[in-house]
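*Asks:* The following block contains the structure, expressed as structure tokens.
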Amino acid sequence: MSHALDVFGWFDNEYDGEGFRTCSVTSFDVHRSVENYVKLYGVTAVVFLLIGGIFAFTIAMTRWEAIGLLEPGDYYRHLSMHAWSMLIFWIIFMEIAILYVGGPMVLGRKLPAKWAAAAGYVVMLAGSVLIYYSIWTVSGDPTSDNAPLLTAYVPLEINPLFYVSAIVFLIGVTLAALPFLLTLWDEKRENPGKTLPLVTFGAFVAAIIAVQSILGGLIAFGGALAWQLGYAPWFDASIYRQWFWIIGHGTQQINLVAMIVVWYLVTHVIGGAEVVSEKVSRTAFILYLFFIVMGAAHHLMVDPGLSAGWRIWNTSYAFYGATFASLIHAFTIPAGLEAGRRKRGKGGGLFGWLTSAPWRNPVFASSIFAIILFGFLGGITGVLMGQLQLNMSWHNTFATVGHFHSTVVLGTTLTFMGVVYFVIRTMFMREFVSPKLTTLQPYLYSGGMALTALMMMYVGILYGIPRRTAEVVENIPGTDFSIAGAAPLFDVFGLVAIFAIGGGALFVLLAVGSLLFGDRIEPGDGDLAPDGGSTTQQATDSRTIAPRNDLEQAEDPDDPVHAYEMRGTFVLCLIFLAVFVVAYILNWFLLTQLWSIGA
Amino acid sequence: MTSPIKPPEGNWWDQPVNRRESIWLGLGVGWALVLFGWMSAFTRIGDQNPIGETYRVTSEELQERVDEFEAAAEERDDGALVPAGDDIYVVGYQFDWDGLPVVLETGREYDFHLGSYDVQHGFSIRPEHAYSQQINLHVTPGKEWVVPMEFDEPGTYHVLCNEFCGEGHRGMHNTIIVED
Ligand code: HEM
Ligand SMILES: [Cu+2]
Ligand SMILES: [Cu+2]
């Protein structure tokens, strides 16, 4: 039944007369339309990851000034390409795929408005190509044609085509999200009394935040364009910054919610986790919905013209409402794993549930490393630098770059790499070309990237190295001064960055290799079972193989999951809180060593 | 019954919450209040706050004020300005800081007037003797931000720009000399 254009046999799964098949891993009723679009968006995302990764190499080798790969003018073009390929194209194409999984696939429905999924894809792609064109053709003349970087801050003179392309991309995303929203609409009309599954509920929250963000983005980019064309002379730097960060920050919160949704899904499907409290988890998602949009303000902590009260209220998401929500998930996700595994006899002692987990399964390992590293590196630093006063020592330093590589790379990208592996196995139905390397890859990438992010933070905080610059350690043009003391640290940074990029390249090789050359898994093959599936089938250690039937959902209402021990999780969370408190105190200590500033 | 990919059944809202989970929720609320409380309190009791009056200005007005400031100041042999009063101006433009270099005294509070003539810049300052002591503030055109500062240690303080402002951005450096 393969389509003539489908030369790789990527879209030729067997479906029943209605176009459905039952997934042997998740037991989802998967409709052809949903699955095909998930594949399409997913594969496209990986291409953008590859492009972004090439630019990660060129910019990292420029910031490592001992190598000094690029000329400054080229540096900013490459940096812009890196930011848009990675943060926007790779992540958002993946997120559309995740919405289609979280909505129609989980609910066992067809994809409604397929035309919107197709049109959205084409328009997003067109927007991406236009953005690439407008970045790559920048002349670099400071008075007329600057590289946009991620932010395209008004009133820097930037090619108007760039703002137009960004708007085109946003329109594409809106179209692509439509089938997800329609799915929920149909589901609710057909089953008014039924509660949505937690994963779908979370995806819905992500979609609402996406709507807010897209509106903010249209105002920011549309306003900038109108200002450039002379229609809105009143549109200025501060107004742009506020609206830009509605989308700039909002998209990060979409990443956060989407990744949490994946964590609930992966720990459940592969690790046997359960939801320890629907009430608590859902309340946490609702808290995001209420408070997260305020987070845009934490990019404006050291901006002029905003009252201290306004900044404190907003940066704290009103008494840290959204931070509290994240603290909740930090407990409920591992607790779900702990209680779920204990319930199935998979965990003795304090951490038996964790040591017996399927660590060789790359889907599982990616998500778990993401949870840990996102929390410890990204989450803690985010709250620190989001405090009004501490922001003075973080703002626009290389440490900021370290913070967001901990969130969008160690968190989101790592998680989404696991999703790609999952899609390869369960939807493309391909074995990995090298199970051993696939098992290893999340370890290499997260290790390398964690060190890279830590080095970024280190040179940023302790040496005040600025972000977004091509030269500062070896030489600053026009002066004898340079921050030469940081040069040895940049040697370390350069090496670990190469290591991390290697881990990322390995991912692309394995993903593309498996899609092209991986053996096909025939429908009904039992080895797709979660713990026994994936690479763990090769494992000789019997502890890592947990047959699916063991992890079957326990249906017994007299054996509620909340009654199981959560000691291990509790201890882990206390360690997390302790690290948080220590980092907080250290940062404040450093700040109070400074000369006095401020009214 | 408690799968994240199946609709929860029955009265899931009233299901009890595990004791350790409840304790963690309590700790979370407590920590959130500490974070909020300390940040707010520090604006009253602390010595390091990014707070000051902001005024709207056009680039021309700002340029005039800086010119007046420079005219009133005394110029040393090394080209550094010794300000006449307690107000000093540090205004970014592609690609330098107007109003610098200046010579300041330790233990005296100055009102820094921060601004920009053209695009957004980042005011990033650190003393040569301790890079880890650094402060970063954002400057935008159209705003004059008056932030008081008082240095307690003499030394050369380097001001860099840490917001991308065009191709010459990396060379945007100047100094503040603090003397006893
Ligand atoms: C091995 C992988 C990576 C390395 C070595 C790397 C390295 C870097 C470096 C050196 C910078 C420039 C810092 C500066 O001069 O300001 C940068 C910026 C950035 N990176 Fe990455 N990166 C990697 C992966 C990623 C990924 C996966 C994402 C997103 C999902 C990402 C998002 C960004 C963004 C948004 C910027 C900021 C651009 C701007 O300032 O406008 N990076 N990265
Ligand atoms: Cu943000
Ligand atoms: Cu600059």
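Cβ from N, Cα, C; glycine included.
Below, the features straight out of TrEMBL:
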type: COMPBIAS; residues: A:533-543; note: compositional bias 'Polar residues'
type: DOMAIN; residues: A:40-517; note: domain 'Cytochrome oxidase subunit I profile'
type: REGION; residues: A:526-558; note: region 'Disordered'
type: TRANSMEM; residues: A:40-61; note: transmembrane segment
type: TRANSMEM; residues: A:81-103; note: transmembrane segment
type: TRANSMEM; residues: A:115-135; note: transmembrane segment
type: TRANSMEM; residues: A:161-184; note: transmembrane segment
type: TRANSMEM; residues: A:196-223; note: transmembrane segment
type: TRANSMEM; residues: A:243-265; note: transmembrane segment
type: TRANSMEM; residues: A:285-302; note: transmembrane segment
type: TRANSMEM; residues: A:317-337; note: transmembrane segment
type: TRANSMEM; residues: A:363-384; note: transmembrane segment
type: TRANSMEM; residues: A:444-465; note: transmembrane segment
type: TRANSMEM; residues: A:492-517; note: transmembrane segment
type: TRANSMEM; residues: A:570-591; note: transmembrane segment
*Asks:* Same-chain Cβ contacts of the transmembrane segment (A:40-61) under 8 Å, 6 or more residues past its ends?
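*Replies:* Answer is 10, 67-70, 75, 78-79, 81-82, 85-86, 89-91, 93-94, 96-97, 100, 121, 125, 128, 176, 413, 416, 419-420, 423, 493-494, 497-498, 501, 504-505, 507-508, 511-512, 515.
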*Asks:* Checking distant contacts: for the transmembrane segment (A:243-265), what same-chain residues at least six beyond its ends satisfy Cβ-Cβ under 8 A?
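*Replies:* Distal contacts: 87-88, 91-92, 95, 98-99, 101-102, 150-153, 198-199, 202-203, 205-206, 209-210, 212-217, 219-220, 223, 273, 275, 281, 285, 288, 292-293, 295-300, 322, 326, 329, 333, 336, 367, 370-371, 374, 404, 407-408, 411-412, 415-416, 418-419.
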*Asks:* Does the transmembrane segment (A:363-384) reach the transmembrane segment (A:570-591), going by 3 or more CB pairs under 8 Å (6 or more apart in sequence)?
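*Replies:* Answer yes, regions in contact.
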*Asks:* Using a Cβ cut-off under 8 Å, which residues of the same chain at least 6 positions beyond either end of the transmembrane segment (A:570-591) come close to it?
*Replies:* 330-331, 334, 350, 375-376, 380-381, 383-384, 389-390, 392-393, 461
*Asks:* Given a Cβ distance threshold of under 8 angstroms, which distant residues of the chain, six or more beyond its ends, lie next to the transmembrane segment (A:196-223)?
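*Replies:* Those are 95, 98-99, 102-103, 106-107, 152, 154, 163, 166-167, 170, 173-174, 177, 180-181, 184, 187, 232, 235, 239-240, 243-247, 250-251, 253-254, 257-258, 260-261, 264-265, 275, 278, 281-282, 285-286, 288-289, 292-293, 296, in sequence order.
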*Asks:* Going through A:81-103, A:115-135, A:285-302, A:317-337, A:492-517 one by one, which has the most CB pairs that fall under 8 Å from the transmembrane segment (A:161-184)?
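*Replies:* By Cβ pairs under 8 Å, A:115-135 leads among A:81-103, A:115-135, A:285-302, A:317-337, A:492-517.
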*Asks:* Apart from its near flanks, which chain residues at least 6 from the ends of the transmembrane segment (A:115-135) lie with a Cβ under 8 angstroms of it?
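*Replies:* For the transmembrane segment (A:115-135), the nonlocal Cβ contacts are 37, 40-41, 44, 48, 77, 80-81, 84, 89, 92-93, 96, 100, 147-148, 159, 161-162, 164-179, 182.
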*Asks:* Which residues, given as numbers and ranges, are at least 6 beyond the ends of the transmembrane segment (A:81-103) yet have a Cβ under 8 Å from it?
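*Replies:* For the transmembrane segment (A:81-103), the nonlocal Cβ contacts are 34, 37-38, 41-42, 44-46, 48-49, 51-53, 55-56, 59, 109, 111, 117, 120, 124, 128, 131-132, 135-136, 149-150, 169, 173, 176-177, 179-180, 183-184, 199-200, 202-204, 206-207, 251, 254-255, 258, 261-262, 265, 408, 412-413, 416, 419-420, 423.
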*Asks:* Cβ under 8 Å, sequence separation of at least 6 from the ends of the transmembrane segment (A:317-337): give me the contacting residues as numbers and ranges.
*Replies:* 253, 256, 260, 263-264, 267-268, 271-277, 280-281, 283-285, 287-288, 290-292, 294-295, 353-354, 357, 371, 375, 379, 383, 561, 566, 568-570, 572-573, 576
*Asks:* Which whole number is the mean pLDDT over the domain 'Cytochrome oxidase subunit I profile' (A:40-517)?
*Replies:* 96
